[in-house]
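Inspection log for the structure reproduced underneath, given as structure tokens.
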Amino acid sequence: MKEGITMEIFQYSFMVRAFAAGIASALVTSSIGVFVVLRRMSMVGDSLSHASLAGVAAGMFFGFYPFYGAVAFSVLAALLVEMVRVTFKRYAEVALAVVMSASMGAAVVMISLGRSFNADLFSYLFGSLMAVTEEDIKLIIILGIFVMAALYLLRRQLFSIAFDEETARLSGIPVNTVNVLFSILTALTVAISVRIVGTLLVSALIVIPAAVSLQLARSFNSAIFISNMVAAFSVITGLYLSFYFDLAPGGTIVLIASAVLFVVLLVKRRYSYRGV
Amino acid sequence: MDTPVVELKDVSFSYGGPRVLEKVNMKVEKGDFFALIGPNGAAKTTLMKIMVGLVVPDEGEVKLFGKNVRSFRQWQKIAYVPQHGGQINLSFPATVREIVASGLFGKAGSLKGKSVDEAVRKAMATVGIEPLAARLIGELSGGQRQKVFLARSLVGNPEALFLDEPTTGIDAESQEEFYGLLEHLNKEQGLTVVMITHDIGMACGMANKIGCVKSGKVDVHENTKDVTEDHIAEIMGYSMKNRRQTER
């Protein structure tokens, strides 16, 4: 009976697509999330997701596929953030605030001009099970593989920069180039995840699994692994629950990830009080 | 004669206001143990960052191993241990082994697999932190952390080591051990050491050159056997009487 319920969901092709997109998003966001959190750039996901919303709005307004807009706008925003971050080193958060506000402004203007307040827009805002198309899946898988491969190749450099940027520079790592590449990878990660989680919640999927992993990890590799597991668990459970209870997938996934973090913090605190 | 490890010619620098370094000229030769001392805010860290190319001077020329520092790319020749006390992210989820290995990530593209493991093991053994290999960096004491950073800097077999107040915040016993290790590396293995320190006693006892940074200038004293602690303290404006009372 239980097996019936578990497998029934896969009779629907849209759910198969949702699971494929969701798991790909989970692995990518949770891997890059560890680096994002360690570099104290947790707000970057929020800024880039707002930029991706502007891209979606541009797509709807100018009549091209909104997903392409999300990819293009978030990459441009990431490059802009990195440029401002380098210029105003001591006020790096200014870059995030400016990009986030400007993107939101552009999105709202384009949405109102195009009168695009419709179900499609809401699917990009909050994520949707039904909205993931074959074309989305292809893009998500291709970009996902690209981001994961790039992260694997850059993992050592990113580790060194996250731990100590000055020493990384003096050990011959091209820090500026790696930072630009990392910004682009973060932007692609945001764009990949927008379909399932929605622009408003994507940064949570980047930050929360990483936050859990930092509480539990006993090495850097284990931090990435734990983050991956928490994100995959949240996405799979969230998709199941949103299917059976007709909930918005983005919100459900993020609530589950938050619950995992809450439980981990609670258990850790309890043990630390006991002096364990 | 060997090319100097570091050569500064008429180097000046300001942070936008008055100059903190004014026409500095100095050389660090191969095999030197060069101590940089001076009061807080004397721009010692800035000077060291200029030497390794992390800060670009307003004027003057900086050479590392005979090359202009801006076009210097032989990163395997140098290693830098920044002023870390309290600045490192103690919740960083990395083991001692992972951090020591990170010293190879930029410069040793040719080292792979077992060679990396061997180099990391050797560096950890040199500074005596092998038993800590699987521990998280946040679980270590200040002295142990400094040894980890030293091991990370040594893992690529550098020719010159730049250390910025490496013993700040660690206990006297660990300091002694740390200095002993540096002396061994300098004397037995010929490693050039440039170190910022507030410990005049150590500088006079171990260094063969002392650079006193004060009022934007660097007075370099060679043959440090002839230089007494009191003399250096006087130059620096320290009161040795007060220092000794404090130490007691």
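One-based numbering along the chain as shown.
Cβ coordinates come from backbone N, Cα and C, glycine included.
Any TrEMBL annotation is an automated prediction that lacks curation.
Here is what TrEMBL records for this protein:
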- A:12-38: transmembrane segment (TRANSMEM)
- A:58-81: transmembrane segment (TRANSMEM)
- A:93-117: transmembrane segment (TRANSMEM)
- A:137-154: transmembrane segment (TRANSMEM)
- A:175-194: transmembrane segment (TRANSMEM)
- A:200-217: transmembrane segment (TRANSMEM)
- A:224-241: transmembrane segment (TRANSMEM)
- A:247-267: transmembrane segment (TRANSMEM)
Report task. For the transmembrane segment (A:247-267), find every same-chain residue at least 6 residues outside the stretch whose CB is under 8 Å from a CB in it, and list them. Result -> 18, 22, 126-129, 196-198, 200-202, 204-205, 208-209, 211-212, 215-216, 230-231, 233-235, 237-239, 241
Query raised in the report: Which bits of the chain, at least 6 residues beyond where the transmembrane segment (A:200-217) starts or stops, bring a Cβ under 8 A of a Cβ in it?
Result: 25-26, 29-30, 32-34, 36-38, 42-46, 48-49, 52, 125-127, 186, 189-190, 193-194, 223-228, 230-231, 234-235, 250-251, 253-254, 257-258, 260-261, 264-265, 268
Query raised in the report: Which range out of A:12-38, A:93-117, A:137-154, A:175-194 gives the transmembrane segment (A:58-81) the most CB pairs under 8 Å?
Result: A:175-194
**Report entry** Positions on the same chain near the transmembrane segment (A:137-154), where near means CB under 8 A and six or more residues out
**Finding:** 17, 20-21, 24-25, 27-28, 31-32, 35, 67, 71, 178, 181-182, 185, 188-189, 191-192, 195
